[in-house]
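Annotated in Swiss-Prot:
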| type | residues | note |
| --- | --- | --- |
| SIGNAL | 1-24 | signal peptide |
| DISULFID | C123-C362 | disulfide bond |
| DISULFID | C134-C137 | disulfide bond |
| ACT_SITE | S238 | active site, nucleophile |
| ACT_SITE | D297 | active site, charge relay system |
| DISULFID | C329-C338 | disulfide bond |
| BINDING | D350 | Ca(2+) binding site |
| ACT_SITE | H351 | active site, charge relay system |
Amino acid sequence: MVLKQRANYLGFLIVFFTAFLVEAVPIKRQSNSTVDSLPPLIPSRTSAPSSSPSTTDPEAPAMSRNGPLPSDVETKYGMALNATSYPDSVVQAMSIDGGIRAATSQEINELTYYTTLSANSYCRTVIPGATWDCIHCDATEDLKIIKTWSTLIYDTNAMVARGDSEKTIYIVFRGSSSIRNWIADLTFVPVSYPPVSGTKVHKGFLDSYGEVQNELVATVLDQFKQYPSYKVAVTGHSLGGATALLCALDLYQREEGLSSSNLFLYTQGQPRVGDPAFANYVVSTGIPYRRTVNERDIVPHLPPAAFGFLHAGEEYWITDNSPETVQVCTSDLETSDCSNSIVPFTSVLDHLSYFGINTGLCT
């Protein structure tokens, strides 16, 4: 059954990547997603740094070094959909050598927990059902689900939960598991990021977050007002990781009480969200940002860096088909190391499992 689900999901993903050239029709946000009732932006937290990243295409060295893909490998934007073999340079890159530190067991346990939260969000019993009734739910059943969202246009799914033993307010965004989600994914159209002048982000991701922004921010800030000593952690897989990033920034920009000391961001298999100026702004906030990539997962390499997009956040790269083998690229902006070292030999299948947990399927 699981193999059948994986095959169906793989087929759908291939259709999705084939459809990338189709431009989505602009869709108006729902009336309850306006920003009218949101707290005002804090001017001192919405200024882009004057400096620019020194590297804007960190994938270029590996694209040149690893050579062209075999002619029989299906590709999109120069990346393999499912390369099954790769040159020695890629094998070497996936070893733990090379001066990049290994993640500690404590870090791996932490990342696994947030991956479990993200994976559980794919279960309808959790979102919108608001009950911990799923295969991995025993790991999160002590959390109280405050509210869930499942919107009509982009099918944005999210929840706010509270862990009293951990003293943490959790915000979890589901990734793509429906055609409507892929509509949000399939355009690479950059648009101005309204809070920060001079920066641009992926239009679909911005619109997806906009569908839940108003109510979600109000819910989180209400919880934070009741529990001001709690930290706030935002997480999501795939598209959910992209919206998680926008959410974390939104909270930082509107709530003085949230800062780098109590606001945290964890993503898994997250696509690139914005341009280099946006990535530089993300770094300037100081928000601890742990971005996990599984082996040769293609999604973190989209939209391509060559298209003017760049990741922020420390990269935690799962290698050698082992959840216990995780490299950490400690740079706040992505570099040519870690997962960028293996392009263009990427894979859709590696998007479906993180730390041995099925992501994208409620299994």
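Including glycine, each Cβ sits where the backbone N, Cα and C put it.
The recorded positions examined here are D297, D350; by Cβ neighbour count within 10 Å, the least packed of them is D350. Each of the disulfide-bonded residues C338, C362 was assessed for Cβ neighbours inside 10 Å, and the highest tally belongs to C338. Within 10 Å of the Cβ of C134 (disulfide bond) there are 20 other Cβ atoms, across all protein chains. Cα proximity to D350 (Ca(2+) binding site) (within 10 Å) is found for none of the recorded positions C134, C137, S238, C329, C362. If you draw a 10 Å sphere around the CB of C137 (disulfide bond), it holds 17 other CB atoms from the protein chains shown. Over all protein chains present, the Cβ of S238 (active site, nucleophile) has 28 other Cβ atoms lying within 10 Å. For H351 (active site, charge relay system), the count of additional Cβ atoms within 10 Å of its Cβ stands at 27 [all protein chains shown]. Taking the disulfide-bonded residues C123, C329 in turn and counting surrounding C-beta atoms within 10 angstroms, the largest count is reached at C329. Of all the recorded positions given, namely S238, D297, C329, C338, none has its Cα within 10 Å of the Cα of C134 (disulfide bond).
A Cα-Cα distance of 16 Å separates C329 (disulfide bond) from D297 (active site, charge relay system).
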